[in-house]
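Student: Could you have a look at this structure, given as structure tokens, before my questions?
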């Protein structure tokens, strides 16, 4: 048997995927109020929130001063987040997509019940083959980082798997609406921790982000994340897609650990097979 020390901090409470209520198809965003709540630990053996919490705006006013954080391909090049293109990044989709709502899968009415109207507009825009579903290819084409690079394949596949309730490799309008909210929440968190407003997360900013989300992880671990998920350069920094991927996987692994750590001690003992089973069953 092996012992795996975990230290103290881990966000959320026991449950399924981030923010998902029991039996829910869709994991929630970091501030969804579900099983993970705000992404902060509730107290006890896993530590408490950092002073001020991680969700308030950074000092000096609003997060960026620009309405476009660089998620969907809109805006104009310039600063790290650009300016909003006509129609905004989250308002109506570009005229080249669907234009006004047309007869189709959902008729001429508004968004289906329980679907965010803005998410529905973007669903119509992203669904380029008019199939009524969003594939990984379509999702990847629709999502860009602040440096105008496309989201990486790993993050896109992870999000498809999270919100694909039919396990068909694509998401319907309801899954897309949940995904849209999920990305919005992580984007807002990304903006807050990008203290220098560079459009990316540096090593120092990532260390601060993990700490304020409730994780008590060593600088060496943060450096490992930077080495693994940031492009090699003199000053490596993490884009939005990798930030979403890293934080979501940390949440999922935390849940797996918490299920075993019934005494909330920060340490567990388990066999190698139990360890790999626990990890493999939580892979997204």
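For all residues, glycine too, the Cβ spot is worked out from N, Cα and C.
Sharing the record's features from Swiss-Prot:
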COMPBIAS  8-26  compositional bias 'Low complexity'
COMPBIAS  65-75  compositional bias 'Low complexity'
REPEAT    85-92  repeat '7'
DOMAIN    114-149  domain 'EF-hand 1'
DOMAIN    155-183  domain 'EF-hand 2'
DOMAIN    181-216  domain 'EF-hand 3'
BINDING   194, 196, 198, 200, 205  Ca(2+) 2 binding site
REGION    204-284  region 'Required for interaction with PDCD6'
DOMAIN    217-253  domain 'EF-hand 4'
DOMAIN    254-283  domain 'EF-hand 5'
Student: Hey, what's the Cβ neighbour count for residue 200 (Ca(2+) 2 binding site) at 10 Å?
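Tutor: Result for residue 200 (Ca(2+) 2 binding site): 24 other Cβ atoms within 10 Å.
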Student: For residue 196 (Ca(2+) 2 binding site), list the number of other Cβ atoms lying within 10 Å of its Cβ atom.
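Tutor: I count 13 other Cβ atoms within 10 Å of it.
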Student: In terms of DSSP three-state secondary structure, what is the assignment for residue 205 (Ca(2+) 2 binding site)?
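Tutor: It is helical.
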Student: At a 10 A cut-off on CB-CB distances, which of the binding-site residues 194, 205 has the highest count?
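Tutor: Top count of Cβ atoms within 10 Å goes to 194.
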Student: Give me the mean pLDDT over the domain 'EF-hand 1' (114-149), rounded to a whole number.
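Tutor: In the predicted model, the domain 'EF-hand 1' (114-149) has a mean pLDDT of 94.
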Student: If you count Cβ atoms within 10 Å of the Cβ of residue 198 (Ca(2+) 2 binding site), leaving out that atom itself, what do you get?
Tutor: 15
Student: What counts of helix, strand and coil residues does DSSP assign across the domain 'EF-hand 2' (155-183)?
Tutor: 20 helix, 2 strand, 7 coil
Student: Looking only at DSSP and grouping its letters into three states, which state does residue 200 (Ca(2+) 2 binding site) belong to?
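Tutor: It is coil.
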